[in-house]
Amino acid sequence: MTKHIAILRGDGIGPEIVAETVRVLDKLIAQGLDVGYEYAPLGGEAYDEYGHPYPEFTQNLCRKADAVLLGAVGSPQYDNLDRPLRPERGLLAIRKDLNLFANLRPAILYPELANASTLKSEIVAGLDILIVRELTGDIYFGEPRGIRVLENGEREGYNTMKYSESEIRRIAHVAFQSAQKRSKKVCSVGKANVLETTELWREIFEEIGKEYPDVELSHMYVDNAAMQLVRAPKQFDVIATGNIFGDILSDEASMLTGSIGMLPSASLDENGKGLYEPSHGSAPDIAGQNKANPLATVLSLAMLLRYSLNDEARAQQVENAVQKVLQQGLRTGDIYEEGTKLVSCSEMGDAVLATL
């Protein structure tokens, strides 16, 4: 049965990197992949067309699709809009609407890019971490929240950090099941010494861990985890954490690899439906200049094939094509170094197609 993908170009470099990735998708379809796709706007593009960053047309298409592929959202020209209308709110809205509670962010250092990391190569060579971040709870979505005026006239900002047992259980299963396909280690990260939210988190992870006796479970405070990611990152396999801690740690881990332009991400629901996007932003400073690195988006397509279409063979085919391109010495500006060949966004896309 034909699977359907909703493709959201987004803002900034989004249309360029998505265009190169769709060329890869088209070639896979020509080779026999039974998939159809349709475009819809999200973020600033959607606001310009519909007056809302996540309009009804996009909602309906994404709800019906088996998976969603996104470029990037956000641009300075929208910074003065009311908060609910800003492009980034469209991304939050689609995660909530599709109940995408599990964010998977790999941090992989390809051997060809070992010199791109700011850390010594012996510390990061062979790095392969997966950060599993809970995406729909925690302080980003907790109520009540707001800014209020106190009796003394001073203003106070407040937010609510909270997690339910069921929210923790389902992300724990994702973390342990991911670890089973890797090196069978989960490190649960929180701040259980001062936060009741993560005290419960730790308790539930211990409970769920008993269902996965082949996976080693450890716990770490978030401040120590941030330090250990820089000191000895290869000790980690799967890091499982809440929304706000995961937001910070996944960005930190991404820079161990030298360029966030290489890193894909997946956000999944309980049935494997997912939103796939590069970890980087919309980079409006280079938008429209054919300079962007499309490889994170291409690798996001590989994750889509793996997690939503259960097509491991084609996922590996795409990942191998990316590695071959790097072995050929081709580099966009963000990963360029002396002795390699600087190429444009579309030239990188050409190279991936040629090796696919």
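Note that Cβ sites are derived from N, Cα and C of the backbone, with glycine treated the same way.
Per Swiss-Prot, substrate binding site is recorded for Arg95, Arg105, Arg133, Asp223. The feature Mg(2+) binding site is assigned by Swiss-Prot to Asp223, Asp247, Asp251, with sequence analysis given as support. Taken from Swiss-Prot, the feature NAD(+) binding site applies to Gly281, Ser282, Ala283, Pro284, Asp285, Ile286, Ala287, Gly288, Gln289, Asn290, Lys291, Ala292, Asn293, supported by sequence analysis. Here Swiss-Prot flags Tyr140, Lys191 as site 'Important for catalysis'.
Secondary structure from DSSP puts Arg105 (substrate binding site) in a beta strand. Residues Arg95, Arg105, Arg133, Asp223 are recorded as binding substrate; their most distant pair of Cα atoms lies 27 Å apart.
Neighbours of Arg133 (substrate binding site) among the recorded positions Lys191, Asp247, Gly281, Ala287, defined as a Cα within 10 Å of its Cα, are Asp247. Measuring Cα to Cα from Lys191 (site 'Important for catalysis'), the binding-site residues that fall within 10 Å are Asp223, out of Arg95, Asp223, Asp251, Asp285, Asn293. Asp251 (Mg(2+) binding site) and Ala283 (NAD(+) binding site) are 16 Å apart (CA-CA, integer value).
Cα distances from Asp285 (NAD(+) binding site) to the binding-site residues Arg95, Arg105, Asp223, Asp247, Asp251 are smallest for Asp251. Note on proximity: among Tyr140, Asp223, Lys291, the recorded positions of the record, the Cα nearest Asp247 (Mg(2+) binding site) is that of Tyr140. In this structure, the CA atom of Lys291 (NAD(+) binding site) is 22 Å away from the CA atom of Asp251 (Mg(2+) binding site).
The closest partner of Arg105 (substrate binding site) among the recorded positions, by CA position, is Asp251; the full candidate set was Tyr140, Asp251, Gly281, Gln289, Asn293.
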